[in-house]
Amino acid sequence: MTTRRRSRVSRGRRAEGACVSSARGCRGTMAAPRENVSLLFKLYCLAVMTLVAAAYTIALRYTRTSDRELYFSTTAVCVTEVIKLLLSVGILAKETGSPGRFKASLRENVLGSPKELMKLSVPSLVYAVQNNMAFLALSNLDAAVYQVTYQLKIPCTALCTVLMLNRTLSKLQWISVFMLCGGVILVQWEPAQATKVVVEQNPLLGFGAVAIAVLCSGFAGVYFEKVLKSSDTSLWVRNIQMYLSGIVVTLVGVYLSDGAEINEKGFFYGYTYYVWFVIFLASVGGLYTSVVVKYTDNIMKGFSAAAAIVLSTIASVMLFGLQIKTEKLKLVDTDCGAIQREAGHKLLLDGQS
């Protein structure tokens, strides 16, 4: 009897060891499990992100085409990074619950993790380039044309998702992507006659800036998603790590691009209440984007951006006199509807899982 008991205990320990070993192996090769959040929370985040994105595009377009002294877009991007960092620090302090745990978290994950800071400097650099390209594009394109053209980031993001995360996309997702591309090609016709705002524009430069922003958006978004979901580190810790390096990157960009003029006119030259509003929208939108990527994925982020097209188009018609042909409007609406149906179906599946 004693021998049998020992044999059973031995087999149990071996089985337990195998399970632990297997679990460790799985953790080493698979992403960290996604936290369970309610469907209502996901819908809320997507709705806020959509509204902020639409408002940001219109407000930014207004500040870049008004008659007032033009501010330095590089400084606006830098200030946005600072505000996002401060907001993330505040949210992390609330999340940890006590000053002691807050300091320990910063000491362990930020000050004591130079490797992680370097890892998050990659999307910071790419996002900085993307944001500056957005300013350049909106200075040379109409808001709705920019929004629709910028949706080329969806096929770029889909391709990066397949290549970097080893995922497969459904036929409906790919069909939606190519339908949107068809709409983008048609909307690009005659961009210079699309608005009654009198301002010197270079559409070729605008589309080139959009192309760079699209590539940056696809790569940085999927890279950040991979980092977020490959460990159980707090989202706000990851944001702090990324924004710290982002501030350094954007400060370098500020003085490389506009250093001489800033020294002459000042860092906040041309800033108005409208400019600060744009910065606020960019900051809030950045935080909500990270939440959406954390709890859903970059495809859902694309769904939100597609919905923002409709809102910004309506606002552009009322504010900037944008004229859209009925055929083009119907095609864009069809493209957005296809993406929204596919993404909405995916969101419901996520909520049920």
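First residue shown is number 1, and so on along the chain.
Each residue, glycine too, has its Cβ placed from N, Cα and C.
No curator has checked TrEMBL annotations; they are predicted automatically.
Residues annotated as transmembrane segment in TrEMBL: 39-58 (among others).
Summarising the annotation, TrEMBL assigns transmembrane segment to 70-93 (among others). Same-chain neighbours of the transmembrane segment (70-93): 63-64, 99, 102, 105-106, 128, 131-132, 135-136, 139, 234, 236-237, 239-240, 243-244, 246-247, 250-251, 253-254, 257-258, 261-262, 267-272, 275, 278-280, 282-283, 286-287, counting only residues six or more beyond its ends whose CB sits under 8 Å from a CB of the stretch.
Among the features that TrEMBL reports, transmembrane segment is placed at 172-189 (among others).
The feature transmembrane segment is assigned by TrEMBL to 204-224 (among others). Within the chain carrying the transmembrane segment (204-224), a Cβ under 8 angstroms from the stretch's Cβ atoms is held by residues 122-123, 126-127, 129-130, 133-134, 136-141, 146, 149-150, 152-153, 156-157, 159-161, 164-165, 188, 191, 238, 242, 290, 293, 298, 301, all 6 or more beyond its ends.
What TrEMBL lists as transmembrane segment is 236-256 (among others).
Note on the transmembrane segment (268-291): residues 45, 48-49, 52-53, 55-56, 59-60, 62-63, 66, 68-72, 75-77, 79-80, 83-84, 87-88, 131, 224, 228, 235, 238-239, 261-262, 301 of its chain, located 6 or more positions outside it, place their CB under 8 angstroms from a CB of the stretch. Marked as transmembrane segment by TrEMBL: 268-291 (among others).
What TrEMBL lists as transmembrane segment is 303-324 (among others).
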